[in-house]
Amino acid sequence: MLKASLLSFVAFTAQVAHAAFGITTSSSAYVIDTNAPNQLKFTVSRSSCDITSIIHYGTELQYSSQGSHIGSGLGSATVTATQSGDYIKVTCVTDTLTQYMVVHNGDPIIHMATYITAEPSIGELRFIARLNSDLLPNEEPFGDVSTTADGTAIEGSDVFLVGSETRSKFYSSERFIDDQRHCIAGDAHRVCMILNQYESSSGGPFHRDINSNNGGSYNALYWYMNSGHVQTESYRMGLHGPYSMYFSRSGTPSTSIDTSFFADLDIKGYVAASGRGKVAGTASGADSSMDWVVHWYNDAAQYWTYTSSSGSFTSPAMKPGTYTMVYYQGEYAVATSSVTVSAGSTTTKNISGSVKTGTTIFKIGEWDGQPTGFRNAANQLRMHPSDSRMSSWGPLTYTVGSSALTDFPMAVFKSVNNPVTIKFTATSAQTGAATLRIGTTLSFAGGRPQATINSYTGSAPAAPTNLDSRGVTRGAYRGLGEVYDVSIPSGTIVAGTNTITINVISGSSGDTYLSPNFIFDCVELFQ
């Protein structure tokens with residue numbers, strides 16, 4: 001018994017024994033030992049830059065059949081590894097991309113950054129860690145909504161039916177402003193992607209993209225720096241990151257990771273704190289029941305912050321330049337301005353704005369840039385519209401004054417629930433000229449609203465900008481946020497009962513939930 005215990009102790013000690021911090025070089029690979037207490041050691045191919053092995057606490061976590069890498073792999077690259085004091089830097093260079101992997105002595109973290117001068121040929125910029133799904137089966141924080149193992153594809157190659165539930169890797173998404181950390185985990189290991197810098201990504205604070213996907217063969221942990229997934233702006237070049245892959249035994253790591261040491265490591269495109277400035281001020285005027293966000297952007301960078309409850313704000317440290325500055329209530333823009341940022345200083349800039357309509361006859365929803373409260377909005381981020389857990393899409397009739405907000409659909413699909421009907425009662429004082437304002441958040445296949453008020457049909461609006469991306473079926477609701485005004489002639493509205501129908505129109509067609517559609521933000525009738 002004593003002998004068996006001694007052997008077990010020796011085996012355990014050997015498993016967790018610390019090796020020296022450093023690089024072991026072979027003809028084909030660099031092996032990087034972080035000297036972390038929980039033993040993190042990984043191998044990088046010298047020909048492709050793929051991570052081909054990740055050993056954490058004595059256990060191989062890397063998927064054996066395919067590496068972890070940028071995009072779908074660089075194919076070939078010039079790969080070097082250097083050590084300087086307590087830091088090791090792996091550099092992978094192609095004609096248009098440089099990938100950095102950095103470790104600090106004693107830390108169980110692979111810090112990364114990606115510098116580009118052109119968009120990758122696959123049309124998106126992402127890092128994907130392909131890890132052992134037996135050891136790391138779970139996805140955090142949203143659970144199995146993106147676990148597609150053993151599923152049957154029901155839309156394209158990325159939406160699946162697993163048992164009675166629809167699932168997709170897209171259902172793992174979180175708004176950039178709220179996504180500082182996402183993880184995959186098992187009983188003995190947790191791997192988290194820590195994201196403290198989105199400045200070179202695209203889409204703004206409310207954009208969202210794939211975070212994880214357990215497809216069975218491996219569990220994928222992503223950071224999408226940009227993609228064509230409901231993308232609303234051009235891609236940015238330059239340095240993306242730093243972003244950090246953190247390995248732990250248990251517990252969720254802090255998102256407060258200091259990567260200022262990048263300034264001393266000759267990282268192309270890295271701008272240290274001393275070369276940055278800030279914007280501080282007060283936002284005012286918007287609906288105080290909602291979160292307020294201030295957003296800055298130009299062709300080179302983007303930043304954002306929530307304001308305090310009083311409206312005060314200070315931006316993150318920003319690259320110098322002139323920025324468009326936007327103030328949101330929820331996700332609805334209420335003011336736009338411009339500000340110039342200089343290195344080493346803080347610029348004071350206040351901003352004010354509110355939603356302006358008129359004398360409201362009725363309002364369905366709120367001007368928050370989201371389909372908040374509408375039917376199926378609470379589920380749409382995490383399941384397909386066809387899911388049995390969804391409520392009936394209709395067609396629905398909403399009666400002002402008596403219907404619940406959930407009696408109004410978050411989206412109208414040309415082949416599913418078209419049209420939406422609104423019934424309301426007007427007084428004689430409300431029969432004059434009026435405006436029906438229809439706020440939308442996202443359009444698919446040219447879908448846009450055309451309204452009929454009693455016997456009067458408003459003109460057909462022009463087609464919105466085509467983002468060329470599935471949206472509502474893949475858990476997205478935010479696009480360009482088109483708002484449509486219907487001018488209603490005096491006498492169209494009558495004293496008593498009135499009926500409005502809102503049809504989705506488009507020159508395109510499609511089946512069920514891939515038919516032309518749009519998502520509602522708010523509908524307001526005012527004079």
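Backbone N, Cα and C atoms are what each Cβ position is placed from, and that goes for glycine too.
Per Swiss-Prot, disulfide bond is recorded for Cys49-Cys92 (among others). Packing around Cys92 (disulfide bond) is summarised by its Cβ count: 25 other Cβ atoms lie within 10 angstroms of its Cβ, all protein chains included.
The disulfide bond annotation in Swiss-Prot covers Cys183-Cys192 (among others). In this structure, Cys192 (disulfide bond) is part of a beta strand by DSSP.
Annotation comment: Swiss-Prot describes Asn350 as N-linked glycosylation site, evidence class sequence analysis. Long-range C-beta contacts of Asn350 (N-linked glycosylation site), restricted to its own chain and to partners at least six residues apart, with a cutoff below 8 Å, comprise Gly281, Thr282, Ala283, Ser284.
Sequence annotations record features per position, and here Swiss-Prot assigns signal peptide to 1-19.
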Under 8 Å between C-beta atoms and at least six apart in sequence, can you list the same-chain neighbours of Cys183 (disulfide bond), or say none if there are none?
Glu139, Glu140, Pro141, Arg190, Val191, Cys192, Met193, Ser212, Leu221, Thr252
I want to check the contact list for Cys49 (disulfide bond): same chain, sequence separation of six or more, C-beta distance under 8 angstroms. What comes out?
His69, Ile70, Gly73, Leu74, Ala77, Val79, Val90, Cys92, Gln99
Assigned element (helix, strand, coil) containing Asn350 (N-linked glycosylation site), judged by DSSP:
coil
By the DSSP assignment reduced to helix, strand and coil, which category contains Cys49 (disulfide bond)?
coil
